[in-house]
Amino acid sequence: MTDHVASAEHGFAEQYGRRPAGVWSAPGRVNLIGEHTDYNDGFVFPFAIDRRTTVALGDRDDRLVRVASTFSPETVEAHLDTLTPDTVSGWAAYPLGVVWALAEFGADLEHVRGVDLHIDSDVPVGAGLSSSAAIECAVALALDEHWGLGLDRPTLAKVGRLAENRVVGAPTGIMDQSASLLGETDSGVFLDCRSLDADVIPLGFAEAGLSLLVIDTCVSHTHATGGYAARRASCEAGARVLGVESLREVRVDDLDRARELLDDETFRRVRHVVTEDQRVLDTVRTLREQGPGAIGALLDASHVSMRDDFEISVPELDLAVETAQAGGAIGARMTGGGFGGAAIALVGDERVPEVRRRIEAAFAERGYREPAIFTVHAAQGARRDA
Ligand code: ADP
Ligand code: MG
């Protein structure tokens, strides 16, 4: 039995005084490339990571759903007959939002019995590694299987997104949940966010002697407010002026015309999305044709676009990226929604200690908070563990 299963079972027993009926888990994700393209109907290329959120579940005789987490001292309960988006708040909005969203996708919850859930996780929260999707997908898969709902994984991804959009109130896209549910070992999930077609594509990092380093700046971000929503609004405004349903339909070749029609700021927002879509396609093609050693320049260009055109980076992320590049990373970029969170660097195995040392030194020199630096591996998506 793996550590996280034992710890989840132990946590459940401490909380509820009995053994759980089952344990499920779902991973966080790193977005290799394709930032802020998901809600523009474009392309993303994330992978599930070897950091997971675990849900231990036990049956109840009544219609209550209780949730507890090592993340928070409060236990929250809801009744299956009265649960609505407005009756939950705080962290419990994620798991209880999923319960509500399952019914929105046609699950018959009229006759199911309640459950006790205990949640444990080693996905860092608020680091841009999507601890939110990890908790949503772990809960969604656990309840789907336990209650025998028969929803497929693409639908469970939509369940997670709906919970986050409507119950948590964060206007996020479908990428995180898709990576968490569809990811496979050593592979990325190339997702077309319009058709929701997903292709699992081997990354081959280990074989090529490459490590994927995450540099969590520990600068916190929050998607529910501010910048994320503003960027989304800019993209919608740009699409409206250009007469397209979504920026997915705009090509790099169309950008000259777009520059004439849009104000400078909206144009730069649009240019990021359009070029980023192209970089995702180029990354997938480059991986297939030349292997992971050849994708570095695309990662670097993605960062510049987010820093200068989309303006979602922060000085800590820029420093992490620049220092990694100077230290010999083959490519680096901020990842996730922006305004804090983590950067990633693709680094030859033998350069990892040096890159790490340089980033720590650079942060110390600027007086920035010490970053958390760790490697991640592409791992299996959501699953039942016990
Ligand atoms: P990210 O997804 O980048 O980690 P978010 O702000 O989207 O950051 O989601 C983080 C929030 O998700 C937390 O503040 C908390 O409300 C909820 N959450 C994530 N993991 C857990 C967990 N293990 N237990 C309880 N709540 C969690
Ligand atoms: Mg999140």
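Every residue gets a Cβ built from N, Cα and C, even glycine.
Going by what TrEMBL states, the substrate site holds Glu35, His36, Thr37, Asp38, and the candidate of Tyr94, Tyr228 recorded there is Tyr228.
A strand conformation is recorded for Ser69 (ATP binding site) in the three-state DSSP classification.
Listed binding-site residues: Glu35, His36, Asp38, Gly126, Ala127. Those with a CB atom under 6 Å from ligand 2: none. With respect to their backbone Cα atoms, Gly128 (ATP binding site) and Asp38 (substrate binding site) stand 15 Å from each other. The recorded positions listed here (Arg29, His36, Thr37, Asp38, Asp176) include Arg29, Asp176 as those with a Cα within 10 A of the Cα of Ser131 (ATP binding site). The Cβ of Ser69 (ATP binding site) has Trp91, His118, Ile119, Asp120, Ser121 as same-chain neighbours under 8 Å, each 6 or more residues away in sequence.
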